[in-house]
């Protein structure tokens, strides 16, 4: 992996982390198209640079993270299902992260669900439930929705937003809670990956991680503002159509003999 690769992946991550189109799926596709080797470092890189994007949430929403123990407890409860399920199925997830075909099907199925949800929950206006209205039981449900996103291509933000909508949150509140839940989730995922590779990581690879995280952070700052504005005005339907088209294009390329698998 070169610095140019790290910058491109950082841009891809920053743009896609908070959109319901799967940042991991897009990075797997981008890595495949650039011919980046499918190594343990590459897989770790694709997870760790997500923390760079997540840091933008702390900057943009810092007031929400001031001492507010009820808020922290709900975030922790929502995080637990993902942590537990992730630990149990981590090897399966590692294997799936190398499959562009899995990403393609996840994009298509997720796109169909997004389009359905945009219509089914269109009645939820700004009067919907707020984050402070969530119960601990609601938090567990949101955590279970997030756990589904361990399948590459599903989209963590898309899954948690969907969970928020089913609980009666409006689109803006559901999207913002998805941002907040990303902080402990990706912090834990980053720590786990660092512990796995810290003994073998080389100085040059550390620099690649820093570059990727920095780029993802800056780009994500812009993407969050864009996403909230789009969702508030137009909903999720456009993202759903995008997912379906991208997934179909990938499948067509695969089934016509184009090798998109990581090398």
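Heads up, the Cβ atoms here are built off N, Cα and C, so glycines get one too.
Since this is a predicted model, take the numbers as computed values, not measurements.
What Swiss-Prot lists as transmembrane segment is 1-21 (among others). Residues 27, 30-31, 34, 36-37, 41-42, 45-46, 49-50, 52-54, 56, 107, 110, 114, 155, 157-158, 161, 175, 178-179, 182, 205, 207-209, 211-220, 222-224, 227, 236, 239, 242-243, 246 of the same chain lie 6+ residues outside the transmembrane segment (1-21) yet bring a C-beta within less than 8 angstroms of a C-beta in it.
The annotation transmembrane segment is assigned in Swiss-Prot to 41-61 (among others) on the grounds of sequence analysis. Counting residues 6+ beyond its ends, the transmembrane segment (41-61) has Cβ neighbours under 8 Å at 1, 6, 9-10, 13-14, 17-18, 23-24, 27-28, 31, 94, 97-98, 176, 179-180, 182-183, 186-187, 189-190, 193-194, 196-197, 201, 205, 208-209, 212-217, 219-221, 224-225, 262 in the same chain.
Sequence annotations record features per position, and here Swiss-Prot assigns transmembrane segment to 69-89 (among others) based on sequence analysis.
Among the features that Swiss-Prot reports, transmembrane segment is placed at 96-116 (among others). Through the fold, the transmembrane segment (96-116) approaches residues 20-22, 24-25, 28-29, 32, 38, 43, 46, 151-155, 158, 162, 236-237, 239-244, 246-248, 250-251, 254, 260-262 of its own chain, all at least 6 residues removed from its boundaries and within a Cβ separation under 8 Å.
Residues annotated as transmembrane segment in Swiss-Prot, with sequence analysis given as evidence: 147-167 (among others).
Look at Swiss-Prot and you will find 177-197 (among others) tagged as transmembrane segment, backed by sequence analysis. Same-chain neighbours of the transmembrane segment (177-197): 17-18, 40-41, 44, 47-48, 50-51, 53-54, 57-58, 61, 64-65, 71, 75-76, 78-79, 82-83, 86, 131, 134, 142-143, 146, 156-157, 160-161, 164, 169, 224, counting only residues six or more beyond its ends whose CB sits under 8 Å from a CB of the stretch.
Marked as transmembrane segment by Swiss-Prot on the basis of sequence analysis: 208-228 (among others).
The list of residues near the transmembrane segment (238-258) in space but at least 6 beyond its ends in sequence, with Cβ under 8 angstroms from a Cβ of it, reads 19-22, 29, 100-101, 103-108, 110-115, 118, 153, 158, 230. Marked as transmembrane segment by Swiss-Prot on the basis of sequence analysis: 238-258 (among others).
Within the chain, the transmembrane segment (208-228) has long-range Cβ neighbours (under 8 A, six or more residues past its boundaries) at 1, 3, 5-7, 9-11, 13-19, 45, 48-57, 59-60, 172, 175-176, 179.
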